[in-house]
Amino acid sequence: MNTSEGPERIYSDCLLVSNGTCELDHWGYNMTRDDFQLPTFSPAAKARVIITFTVFAISAFCNLAVLWAATRTSRKKRSHVRILILNLTVADLLVTFVVMPLDAIWNITVQWQGGDPACRILMFLKLVAMYSCAFVTVVISIDRQSAILNPLAIADAKKKNNLMLTVAWTMSVLLSVPQLFLFHTVTITVPENFTQCTTRGNFQERWQETGYNMVSFVCLFLLPLLIMIFCYSRILLEISRRMAKGTISSKEVYLRRSKNNIPKARMRTLKMSIMIVSSFVICWTPYYLLGLWYWFYPETMEENISQSLTHILFIFGLFNACLDPITYGLFTIHFRKGLQRYCGRTKMTTDPDANSTVTGSFRCSMSSFRAKRATVLIQETPGVNYTENDPANRKNGPHNSYL
């Protein structure tokens, strides 16, 4: 969450002023030279580093496996849902290879040892990673809303998603640009040389720093959360409405292509996206709430919250990057098989079911007998016109992807 300096880095730089006191930006009070002690690599920080590197290894392996599986097919054959998954995987990899190592190494070194350019660039990349995860998750929510509420507009989904993804990544970069100018290295000499990467000196008043952090909080968490709640509330209302109107059997619901019913594959994709959004909210909400407390009542937070708890909450937020690829594996045959190949546990196969079963795509690689049976069911369903010889229906029929 750190936009300037968040609660996971309890210690901060300390600058000596002319009256011999040490101003601590974080907590808003002064300490004398005798009272002040430089931060150390505490046992809690050591535990945090070990856990962070463990989460890093899991996240790197899982997300690289998903990336490998998602890029096995050509661009033209990728469903729009797979493109969304691919973008979220890239965002998770940014968190994995920027945020996690940065946090672990910084806790080990205690002070900043990377120089001023690295300080600015890494703080910029850190926020880009955080924004991209939030914004791509929002795009997934909007896509699922469109798929359920306007199923017949699925042909334009890929184009709309590409536009939304472009906006999401562009906004992630633009909103992170201030980090390049706010962060810099500051060095003190008493009680010993100590350098920190900080925003110290770029905010004239504390309320300015709090305001910047609040804007970042709204863009990083609050606004995405509200959009997700809005989208899934509409989805649940629409599903409830359709269930109330439904008069056909559950088996026919899975085969019908009418806009009044939801295909099985689309429901599976909806469940997957709900899990992705839920993991994002559950993992990061405690940490962001702690951030709010820290920004407005730092002294109270210091009295009531231990460093161990802040370590735990931050790591819990990072764990979200591990949950996304696990979710893909639970809901998609394609990624499960891709992960197996990535691990070298199975040989490459040309099984058509393995290649055609993709989350978000309603592909039926069945025998001709089962395909004909599905066609008969559709023809016999009132309100659905389907002609086998119609070229349009051959294109959009149950044997092709339409999600």
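The backbone N, Cα and C atoms fix where each Cβ goes, glycine too.
Those TrEMBL annotations? Automatic predictions, nothing curated.
What TrEMBL lists as transmembrane segment is 49-71, 83-102, 122-142, 163-183, 214-237, 274-296, 308-331. If you look up TrEMBL, you'll see 62-328 marked as domain 'G-protein coupled receptors family 1 profile'. Residues or ranges marked as region 'Disordered' by TrEMBL: 384-403.
If you average pLDDT over the domain 'G-protein coupled receptors family 1 profile' (62-328) in this model, you get 85.
Counting Cβ pairs under 8 Å to the transmembrane segment (214-237), the stretch among 83-102, 122-142, 274-296 with the most such contacts is 122-142. Long-range Cβ contacts of the transmembrane segment (83-102) within its own chain (Cβ-Cβ under 8 Å, at least 6 residues beyond either end) map to 52-53, 55-56, 59-60, 63-64, 66-67, 70-71, 122, 125-126, 128-130, 132-133, 136-137, 139-140, 143, 158, 161-162, 165, 168-169, 276, 318, 321, 324-325, 328, 359.
Packing against the transmembrane segment (122-142) from elsewhere in the chain are residues 1-3, 84, 87-88, 90-92, 94-95, 98-99, 102, 114, 161, 164-165, 168-169, 171-173, 175-177, 179-180, 182-183, 197, 216, 219-221, 224, 227-228, 231-232, 273, 276-277, 280, 320-321: each is 6 or more residues past its ends and has a CB under 8 Å from a CB in it.
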